[in-house]
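What Swiss-Prot records for this protein:
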ACT_SITE  37  active site, proton donor
BINDING   30-37, 149-152, 186-189  ATP binding site
BINDING   61, 155  (R)-pantoate binding site
BINDING   61  beta-alanine binding site
């Protein structure tokens with residue numbers, strides 16, 4: 001497994017792979033890897049000849065400096081996990097390598113609408129940072145496919161739109177959420193939970209499932225469903241942050257023409273902001 005930290009060396013390897021006619025898959029990550037990331041790697045390996053995993057804690061997508069400062073940097077452990085998975089290439093650049101002149105004056109990619117709604121409304125600049133770094137990685141790695149987790153549902157929708165709008169010839173693969181046995185969605189942020197909070201955390205998925213059951217039973221008073229769910233989260237020990245029920249295909253308000261809904265939930269548990277989602281077919 002090659003570990004590359006500079007743009008010239010990455011370009012050199014990508015040119016070689018292209019000359020050899022290899023099909024390349026990219027798995028963009030911020031490190032602190034868990035089994036959910038490994039599922040992305042496995043999906044990439046099944047679809048391509050060569051798998052490139054990027055590990056880069058992107059300062060441009062953090063709306064709070066304290067979150068950036070405390071995000072775990074576990075490069076050695078991450079590389080050991082990826083080596084066991086027989087990943088071909090790890091791209092682990094420094095911030096200076098990606099943003100040599102800083103982030104303030106760096107060219108950015110913005111996806112209007114999707115960047116500022118839902119999660120984007122409460123995290124200004126976050127999705128602009130995501131679309132900028134992902135587009136830069138696409139230009140550098142030139143992958144045939146790229147794998148992203150469905151846990152970050154809005155992010156996946158944003159990347160699909162960016163790829164379509166910008167004409168990237170890349171297949172975007174959404175990989176289903178991986179959960180612990182008790183239902184908690186795997187996330188790097190779960191590491192912020194204390195032992196006691198970890199026992200409470202599966203309650204998020206239980207509330208999510210309760211909303212889904214109501215929708216599948218034909219309930220359509222969305223305001224009431226959301227209000228009850230928020231109350232349930234608070235009673236379980238969370239601080240409900242945002243609960244949305246949206247059209248899964250547009251992320252707009254659910255209408256009588258909507259065929260699928262996505263339930264998007266965000267809640268604080270201690271210092272961890274947990275997010276989860278669930279798709280529901282509407283009768």
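A Cβ is built for glycine as well, from the same backbone N, Cα and C atoms used for every other residue.
For the recorded positions 30, 32, 34, 37, 149, 186, a Cα-Cα cutoff of 10 angstroms around residue 155 ((R)-pantoate binding site) retains 149.
Sequence-distant neighbours of residue 188 (ATP binding site): residues of the same chain at least 6 apart with a C-beta under 8 Å from its C-beta are 30, 31, 32, 34, 71, 72. A count of other CB atoms within 10 A of each Cβ picks out 151 as the most crowded of the binding-site residues 34, 151.
The two recorded residues, the residue listed as 'active site, proton donor' and residue 149 (ATP binding site), have Cα atoms 8 Å apart. Taking a C-beta cut-off of under 8 angstroms and a sequence separation of 6 or more, residue 36 (ATP binding site) has the following same-chain neighbours: 149, 151, 177, 178, 185, 186, 187.
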